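Read the structure below first, then the notes.
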């Protein structure tokens, strides 16, 4: 496997060839997932689906980005993320987990448009360092170095908390989330698409690996954090005037929902959580892409100015409507199916969650419909050409593709 990947470096400076090579690599992974190497192996279909999603996002980035250096950084990030999904031991997983921060950091510092990008980079580094070093401490104090990447040791509650902390920063859960809106607002559109679509999935994928530890301890603290994150972040969405910040807080609500699905340690919750991760990856990538396109054409990200899409470009308007309807979880989108599974499993485990979910969906519908109506009605500020978004249509099909369900059931 390693020699194949070294061969891929030959294509590295030709982004389109590299994309096709990675697609072929993905097909090999799908057909050969029992293929054990020394350091990497494909252990689960959910991780293969995440690899497919990362390649899909790379394809959209290739089509939408013209800056060669940003394309190279995107390729580096996708390779690191693919390696993160298939390691055989914990230290490799940790290494790629931390390595994934650097391409995003270079994108923000090198290609962000405002001076606040320095502040947001400080936030990113500080949160990453503070939450990740405890993971190394637990790693050296326990027997992880002789274990495979799935581990279910009987650890104390404090150790499990410290272990989860680094993944919680990448979810991100509410209270560890401050770096995300700042990074999104300062990052170029490509970095935002990769950050929302790929980087947040590393936290959930890592947390999936350590779910075995949680079966020995009380995980009430994560349930409370997930409930708080769902409600507080969706309230934050209501008060945002910047469309990119709104999309960032919307990511936090969805990832809190995924956390709630995973910490009720039951199979249906885990399945719903993984499908929700995939749905969120496709939806949020497109959300940031559309907001970025609007910003490039109009020079503003204000929700107030995002009016009259339907008057200026019909395809743009329809795509915008489909993406935000999918973000709300309307059927037959992948979001709706996964949310339905998660709701049914969480109500089985905890009856109280009905009230939290009620408030969450009420507020989530509100901010999505508010953005949708404010963009549909009103006086037109911007004229969109029809070609700006022609290549995003496949992503919408992927988002609404119920076929993914057959992999799980």
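Cβ coordinates are placed from backbone N, Cα and C, and glycine is handled just like the others.
What Swiss-Prot lists as transmembrane segment is 9-29 (among others).
The annotation transmembrane segment is assigned in Swiss-Prot to 68-88 (among others) on the grounds of sequence analysis.
Look at Swiss-Prot and you will find 90-110 (among others) tagged as transmembrane segment, backed by sequence analysis.
Under 8 Å from some Cβ of the transmembrane segment (125-145) lie the Cβ atoms of residues 89-91, 94, 97-98, 101, 105, 151, 153, 155, 159, 162-163, 165-166, 168-169, 176, 178-179, all in the same chain and six or more residues away from its ends. Sequence annotations record features per position, and here Swiss-Prot assigns transmembrane segment to 125-145 (among others).
Look at Swiss-Prot and you will find 160-180 (among others) tagged as transmembrane segment.
Summarising the annotation, Swiss-Prot assigns transmembrane segment to 194-214 (among others) and lists sequence analysis as the type of evidence. Residues 46-47, 50, 53-54, 57, 61, 74, 77-78, 81, 84-85, 93, 97, 100, 103-104, 107, 149-153, 155, 160, 163-164, 166-172, 180, 183-184, 187, 222, 247-248, 251, 255, 258-259, 262-263, 265, 270, 273-274, 277, 280-282, 284-285, 287-288 of the same chain lie 6 or more positions beyond the ends of the transmembrane segment (194-214) yet place their CB under 8 Å from a CB of it.
According to Swiss-Prot, the transmembrane segment annotation covers 221-241 (among others).
Here Swiss-Prot flags 246-268 (among others) as transmembrane segment, drawing on sequence analysis.
Listed as Cβ neighbours of the transmembrane segment (273-295) (distance under 8 Å, sequence separation of 6 or more from its ends, same chain) are residues 46, 49-50, 53, 56-57, 60, 64, 184, 188-189, 192-193, 196-198, 200-201, 204-205, 208, 243-244, 247, 250-251, 254-255, 257-258, 261-262, 301, 306, 316, 319-320, 323-324, 326-327, 333-335, 337-339, 341-342, 382, 384, 388-389, 392, 395-396, 398-399, 404-405, 408. Swiss-Prot lists 273-295 (among others) with the feature transmembrane segment, giving sequence analysis as the kind of evidence.
Swiss-Prot lists 305-325 (among others) with the feature transmembrane segment.
Here Swiss-Prot flags 352-372 (among others) as transmembrane segment.
Per Swiss-Prot, the feature transmembrane segment maps to 389-409 (among others); the stated evidence is sequence analysis.
In this chain, the transmembrane segment (246-268) lies in contact with the transmembrane segment (160-180); the count of Cβ pairs under 8 Å, excluding pairs fewer than 6 apart in sequence, is at least 3. Recorded stretches compared: 68-88, 90-110, 221-241, 246-268; the one with the most Cβ pairs under 8 Å to the transmembrane segment (352-372) is 221-241.
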